[in-house]
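Peer 1: A single structure is presented below for examination.
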Ligand code: ADP
Ligand code: MG
């Protein structure tokens, strides 16, 4: 199978590569052409995943395609951007039709879920490696950046944390669990749900935002630095799923939630007056702390005393080299 046959069969023919809103020209020319409505800015983010560094060489290609795109789309969510499309630069050791078919299917499932059109890419031979670049649009000046947090704002997250870090124990076969515990955790690992609609709902409301990829404490540190404020996290308010608690018990579950990576949920700061409307619209907003004057991230116990964060218990292949 030649390069052009491969591109046509697995990528140009995929349903996510068909004509889509905002895409004036997709796969097949020297460049794709995107239409941007007047008054909007283009949001762009690139991620590279290297086999043996970011994922095991032997991992399921369907799950890899699905997860790779979800991770990239999560950056659009974190900026409050509306998805347009993505490019795929794929380096492959061999053109294995079964592998490509499954990979393209996983990619297509997530692409349709996120409303991201496949608009181009590059295909080369070499050690397995993927680079995805995602494109989105956001009304000028309304992107959710990391530098707008102000003392008095609430610190919030978009759902239960630590599930993907807990799932890694299962993925790496360091633990096993009954189906009802394993299934929801593995789903959070292999099929993260980028919080795209939440990100868009936070435009004009959240003062700062990012997606949690390296663990809550580490990522909150980025907001604290960029905004020159302190973030105070109340450990007892960090939301944990029943499945994670069942797998690990409370203290290790909290460790995963604070230090584990790969959640791909949003963390954001919010002037308090916006909370009632977000709650009324039923967005998954969990308040876990506050922004104060100062610097860095502090963890507080129920009495408001500063406590040491638990040691980072788990090293993820998901976070290496990010
Ligand atoms: P060029 O020589 O102009 O770089 P290529 O031969 O690399 O073009 O690719 C031909 C067309 O196929 C281009 O439109 C490119 O964007 C697209 N393409 C190449 N590889 C992929 C891929 N893996 N997924 C999607 N589109 C691809
Ligand atoms: Mg090329």
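Quick reminder: no glycine exception, Cβ is built from N, Cα and C everywhere.
Model, not experiment: these values are computed from the prediction.
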Peer 1: Looking at TrEMBL, 30, 75 are annotated for Mg(2+) 3. Which of 211, 214, 219, 262 sits in that same site?
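Peer 2: TrEMBL names 211 for this Mg(2+) 3 site.
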Peer 1: Should residue 122 (Mg(2+) 1 binding site) be counted as helix, strand, or coil on the basis of DSSP?
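Peer 2: Where residue 122 (Mg(2+) 1 binding site) sits, the three-state DSSP reduction gives strand.
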Peer 1: Any idea what DSSP makes of residue 213 (ATP binding site), helix, strand or coil?
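Peer 2: Residue 213 (ATP binding site) sits in coil per DSSP, no helix or strand.
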Peer 1: Based on a Cβ-to-ligand 1 distance below 6 Å, what subset of the binding-site residues 45, 46, 75, 146, 213, 214 would you report?
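Peer 2: Close enough to ligand 1 is none of the binding-site residues.
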Peer 1: Roughly how many Å separate the Cα of residue 75 (Mg(2+) 3 binding site) from that of residue 45 (Mg(2+) 4 binding site), to the nearest whole number?
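Peer 2: It is 7 Å, counting Cα to Cα.
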Peer 1: To the nearest Å, how far is the Cα of residue 262 (substrate binding site) from the Cα of residue 213 (ATP binding site)?
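Peer 2: Computed Cα spacing between residue 262 (substrate binding site) and residue 213 (ATP binding site) is 5 Å.
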